[in-house]
Each structure stands twice: as structure tokens, then as C-alpha cells.
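Read the structure below first, then the notes.
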Amino acid sequence: MSATKLTRREQRARAQHFIDTLEGTAFPNSKRIYITGTQPGVRVPMREIQLSPTLIGGSKEQPQYEENEAIPVYDTSGPYGDPQIAINVQQGLAKLRQPWIDARGDTEELTVRSSDYTKARLAYDGLDELRFSGVLTPKRAKAGRRVTQLHYARQGIITPEMEFIAIRENMGRERIRSEVLRHQHSGMSFGARLPENITAESVRDEVAAGRAIIPANINHPESEPMIIGRNFLVKVNANIGNSAVTSSIEEEVEKLVWSTRWGADTVMDLSTGRYIHETREWILRNSPVPIGTVPIYQALEKVNGIAEDLTWEAFRDTLLEQAEQGVDYFTIHAGVLLRYVPMTAKRLTGIVSRGGSIMAKWCLSHHQENFLYQHFREICEICAAYDVSLSLGDGLRPGSIQDANDEAQFAELHTLGELTKIAWEYDVQVMIEGPGHVPMQMIRRNMTEELEHCHEAPFYTLGPLTTDIAPGYDHFTSGIGAAMIGWFGCAMLCYVTPKEHLGLPNKEDVKQGLITYKIAAHAADLAKGHPGAQIRDNAMSKARFEFRWEDQFNLALDPFTARTYHDETLPQESGKVAHFCSMCGPKFCSMKISQEVRDYAAAQTIEVGMADMSENFRARGGEIYLRKEEA
């Protein structure tokens with residue numbers, strides 16, 4: 001039975017209440033810890049899951065316990081995951097990276113905004129009630145300077161961002177001493193180079209080689225540094241954004257916070273409705289994770305939704321607007337070339353990418369080459385001045401498994417490889433977007449093609465969905481493909497929610513999509529053999545075998561759902577210490593029986609050992625003391 005549908009007014013009121021009452025919140029039996037680095041201000045947040053001790057013997061009156069180590073885990077929630085930090089959405093988050101940016105001395109504050117659209121929005125007092133109050137004074141690179149993490153990496157500079165990432169990627173596993181927890185199966189990495197310990201130098205080296213990116217616009221100092229690359233943990237992106245028919249600024253900020261709570265490593269704001277500029281400002285000032293956008297969406301709004309009326313000038317103005325707000329990466333559909341559009345004519349589902357279809361329509365209506373391709377070097381110059389990473393969009397991705405791996409898809413991919421090399425000339429960081437809808441047996445080719453033709457730049461895919469028959473469950477159909485392509489080397493997975501193909505996701509849909517994709521990403525890390533990836537699994541298995549129910553809930557990706565499902569049948573507190581669950585009951589619990597078998601085997605070993613000693617004693621004549629030569 002579905003919950004009662006809220007009205008638009010009720011949805012906005014609920015979101016406003018969420019924002020007004022927002023506090024830093026820890027997961028059950030978890031606490032926020034910080035690991036400090038060697039460079040000033042490097043203080044890396046993690047979540048530490050506290051575990052209960054294991055009963056190892058003794059009596060009912062005097063039981064003996066063995067402590068279980070706390071499990072440190074990667075935490076994307078930023079200040080929202082720390083109960084000690086006061087949260088005020090009206091003021092935004094603390095500017096963590098500002099001292100690092102200022103110390104480099106290669107940026108300058110802008111007295112006047114570069115975007116005409118931004119100037120007009122700021123001058124219009126009718127937007128005062130919607131506007132974020134504490135507007136950041138934007139910066140850009142000084143003349144002749146480049147301020148990208150790729151530029152620094154190529155210069156041999158280890159930035160504070162790189163040290164922060166190295167500590168974060170190691171996930172505090174050096175704190176774990178138990179051999180049981182540290183045990184890990186060998187992985188199959190398909191050529192990925194996974195160091196036993198991630199250092200700041202290894203981060204720098206991967207970024208310098210173009211195999212990884214650090215999305216970190218100088219105008220988004222609130223963000224906590226993270227990295228996207230196949231030699232690091234697989235990351236997950238969540239999409240949010242309003243549309244012309246639904247959602248509000250309050251709801252999008254709520255979805256942002258909610259996304260970071262459930263593990264979004266980055267968030268894309270795909271707003272297409274009114275107040276795109278104002279919504280994005282609220283999101284950026286309150287986001288501890290990198291924010292991506294598809295600038296063509298807003299550029300289209302500026303020409304009243306008529307693709308044919310798009311111009312390079314309007315698009316350039318949009319890039320400047322968003323770069324100075326702090327957007328960390330742009331999806332640019334520069335690979336949709338005029339000559340590729342006819343290749344899609346025989347497809348079952350044509351061009352399904354919104355950005356791809358916009359550019360295809362523009363190309364056909366003007367019979368000119370894609371202006372994003374034509375002006376790509378100018379795009380790179382803008383990105384280099386603010387350290388905006390490029391996510392080269394797959395505008396010709398397949399929208400059905402019938403269209404997977406076709407001529408149009410791979411023609412565009414090869415062009416994205418050419419554009420990657422151009423971006424690198426400007427020290428601009430690049431990742432490549434991928435499909436889409438691909439059956440399982442055809443997924444790996446997408447990864448091998450990308451590595452070969454895009455020079456090992458990080459791959460970022462939407463799924464892929466492995467079947468087309470499950471609307472309402474496409475987080476499952478795509479999670480299968482996401483786990484596979486993550487294993488093969490994909491660096492970041494864009495989540496798919498249950499609402500895919502059906503409607504705009506709400507808060508619960510966002511959670512469901514993220515949990516599904518955190519599972520897929522983690523499964524890929526395990527399969528690749530990422531160092532330390534198995535620690536949490538081992539801790540869960542140990543807690544499960546020892547019937548430490550509270551620890552099982554708390555180690556779960558979603559502790560609340562795990563507890564709810566358990567309590568549906570065993571709600572009493574006694575159920576939290578019972579050596580069985582409702583699936584098998586007390587008589588048929590396999591783990592309880594296994595424990596009994598283990599105890600019996602141990603007892604048998606003792607009895608056999610005693611019998612052997614007795615026989616040996618008799619064989620030696622039954623003497624308590626033996627002569628020295630007999631001993």
C-alpha cells in the first residue's frame with residue numbers, strides 16, 4: 001500500500017522543515033573521526049562503526065568477552081555527519097579549501113561577474129527572497145596561470161587536496177589489527193594498478209597521467225577533496241534537480257543533503273525548471289561533494305527551449321556563470337558530430353540523451369558542425385581558469401539493449417578520445433561518459449574501447465541497464481551492469497533510481513538508487529581486489545556468525561532498513577540477542593548448528609587427545625616420573 005501522496009505545498013513545507021531543523025547526525029553506534037595529514041588543514045573525516053564484544057567463555061554469572069575493533073568507513077556526508085558541527089543552510093558550509101587556494105597565490109577575486117546572465121540575475125531584486133544570502137566573491141586564475149589539479153600534478157606538486165585524498169582512500173585500514181578482518185581474496189583487476197597503500201605521491205602520479213581526476217573548482221571551497229579513477233575506490237554519482245513541472249529549491253537542497261548521507265560521492269544538478277541559477281547557488285554553498293551540471297540545459301532555457309536558437313555566445317555565458325558559482329565538472333556533448341547523426345536513424349530508440357538530442361537537432365537545423373566541438377579549445381580555456389573538470393558526454397549512448405555497441409556509439413567515443421587530448425593540452429581534467437543500455441555479454445567491450453581510444457581517462461557510466469523489461473526496478477537492472485563495468489575498470493557509476501523512465505525521483509527514490517549503487521561499487525572493489533575492501537564484509541560475517549544483531553544492523557549500508565526487517569518478526573529486545581532469526585527459527589538455524597558442530601568437534605579433539613595421553617602413559621609403564629633418557 002503506497003503512502004498518501006503529498007500536495008506540492010506539503011512537499012515544499014516538509015522540505016523547508018527539514019532544512020530549518022537540520023543537524024549533524026551520526027549513523028547508529030557510529031562516531032565521526034578525523035585523521036590529520038602533514039599539510040596545514042588536512043583533516044580527513046571518516047565514520048567509525050563501534051562494535052560490541054564477542055562472548056568467548058566464562059559462566060553466566062561471569063562471562064568472558066573479547067573486544068571487536070571499530071570499523072572505519074568512507075564518509076561522504078561532510079559536516080552533516082558530525083553531530084558536533086552546527087548546521088545553518090542559510091549560511092552554507094565552512095570553506096574548507098579556501099586557505100589552500102589562497103596559499104597558492106595564483107588566483108584573483110573578480111570585482112565584476114564575467115557572465116551577463118549572472119549580472120542580470122543579481123540586479124533583479126524580485127529574486128531577493130529566493131537568493132542565497134551569503135554570495136561568494138568568485139575567483140579565477142591570474143593572467144597566464146592555470147589553477148587545475150592536473151597542472152599542479154604535472155609540475156610535481158603534491159597539493160593538500162592530494163594528501164587529503166590519499167588518507168581518505170586508505171579508509172583508515174591501517175587501524176585494523178585483526179587478521180580475520182584483514183583477510184582478503186585476490187582480485188581480478190583487468191590491468192588496474194592497485195597499490196597496497198595509497199600515498200599522496202601515487203595520487204599525484206595518477207592525476208598527472210590523466211588516469212584520475214580531482215573535481216575541485218576554486219569557487220567551491222566547501223567541497224571535501226575526492227578522486228575519480230580506476231585505481232581508486234569506485235565512486236557513485238547521484239542526480240538531483242528541479243523540472244518545469246515539479247520540485248523546488250528547498251526540495252533540491254534536501255535531496256542534496258540526503259544524497260551525501262547515503263553515500264553520493266558527487267551530485268549532478270540537472271535542473272531544467274525556473275530559478276536554475278538560484279537553485280544551484282543554494283546547492284553549491286551547502287555541498288561537501290563535487291557538483292556537476294549539464295550546461296546545455298540552462299543554455300536552452302535562455303533561448304526559451306528552442307534548440308535551433310542556441311548560440312555559442314549563450315553557451316559560453318552559461319559556462320562562465322556556472323564556473324564562477326563553483327560547478328566542479330561540466331558534461332559537454334561535444335562528440336555529437338553532424339556526420340554521426342544519420343548513424344542513429346536505424347536505431348530502435350534513436351537518440352535518448354537529452355543533451356545529445358539537443359545538439360543533434362541544432363546540427364541538423366543549421367547543417368553545421370556541433371558548435372561545442374568547434375569551440376572546444378575555448379571551452380578548455382574557461383575550464384582551466386577555474387579548475388572545472390570536463391565530463392565528455394555520450395550524447396549517442398544506446399537507449400535500448402538492441403542499440404548497444406553500435407556504430408554511432410563508438411564513433412562518438414573515438415571523438416571523445418580526440419577531445420581528451422586537446423583538453424590535456426590546457427591542463428584540464430577529463431573523464432568520459434558511457435552508456436546506457438547494454439546486455440551483460442557486451443559490457444566489457446565498452447570498457448576496453450574506452451581505455452584504448454580515450455587514453456585511460458576515467459570512465460563514468462549510467463548503469464548500464466542490462467535488460468529493458470523492468471520499469472520501476474531499473475535500479476536493479478542497471479545495478480547489475482554497474483557492478484560488472486565497475487569491476488572491469490569504470491571509475492564512477494551514475495545511479496539509476498526506481499523512477500528511471502517513469503518520473504522525477506523523490507527523496508526515497510534517491511536513497512534506493514544510492515544504496516543499490518553503493519552495493520554495485522563495493523562489489524566491484526571486492527572483485528578488483530582493492531586493498532581493505534573486504535574488511536567491512538569480514539566484520540559483518542563475524543557479527544552474523546556470533547549473533548551480534550546490533551552490530552549486523554550497524555555494519556549494514558542501510559542500518560535502519562536492516563533493523564526494520566528484523567523487527568517485523570522479532571521486535572522484542574530478546575530478539576536482538578537470540579541465536580536465530582525468523583527465517584529458520586531456533587531449531588534450524590545453520591549458523592547455530594555450525595557453532596554446535598564446532599563446539600562438539602573441539603570437545604572431541606580434547607577427548608581424543610586425553611585418550612592418546614592415557615594410552616601413552618600406560619605404554620610408558622604408568623610411572624609418574626621417567627628416567628631422563630626416556631623423557
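Each residue, glycine too, has its Cβ placed from N, Cα and C.
The C-beta environment of Tyr460 (substrate binding site), restricted to residues of the same chain at least 6 apart in sequence and closer than 8 Å, consists of Ile228, Asn237, Ser391, Met431, Ile432, Glu433, Gly434, Cys490, Ala491, Met492, Leu493, Cys494. Residues annotated as substrate binding site in Swiss-Prot, with sequence analysis given as evidence: Asn239, Met268, Tyr297, His333, Ser353, Arg354, Gly355, Asp394, Gly395, Leu396, Arg397, Glu433, Tyr460.
The Zn(2+) binding site feature in Swiss-Prot is assigned to His437, His501. In sequence order, Pro471, Asp474 are the residues of the chain that are 6 or more apart from His501 (Zn(2+) binding site) and have a CB within less than 8 Å of its CB.
Under the heading [4Fe-4S] cluster binding site, Swiss-Prot lists Cys581, Cys584, Cys589, citing sequence analysis as support.
Within its own chain, Tyr297 (substrate binding site) has Leu270, Ser271, Thr272, Ile276, Arg354, Gly355 as residues 6 or more apart in sequence whose C-beta sits under 8 angstroms from its own. Counting only residues at least six positions away in the same chain, the Cβ atoms of His333, Gly335, Val336, Ile351, Ser353, Gly355, Gly356, Ser357, Met359, Ala360, Glu412 sit under 8 Å from the Cβ of Gly395 (substrate binding site).
The Cβ of Gly355 (substrate binding site) has 23 neighbouring Cβ atoms from other residues within 10 Å, across all protein chains displayed. Of all Cα pairs drawn from Asn239, Met268, Tyr297, His333, Ser353, Arg354, Gly355, Asp394, Gly395, Leu396, Arg397, Glu433, Tyr460, which the record names as binding substrate, the longest spans 20 Å. Classification of Gly355 (substrate binding site) by DSSP places it within a helix. DSSP assigns Gly395 (substrate binding site) to coil, not to a helix or a strand. Classification of Tyr297 (substrate binding site) by DSSP places it within a helix.
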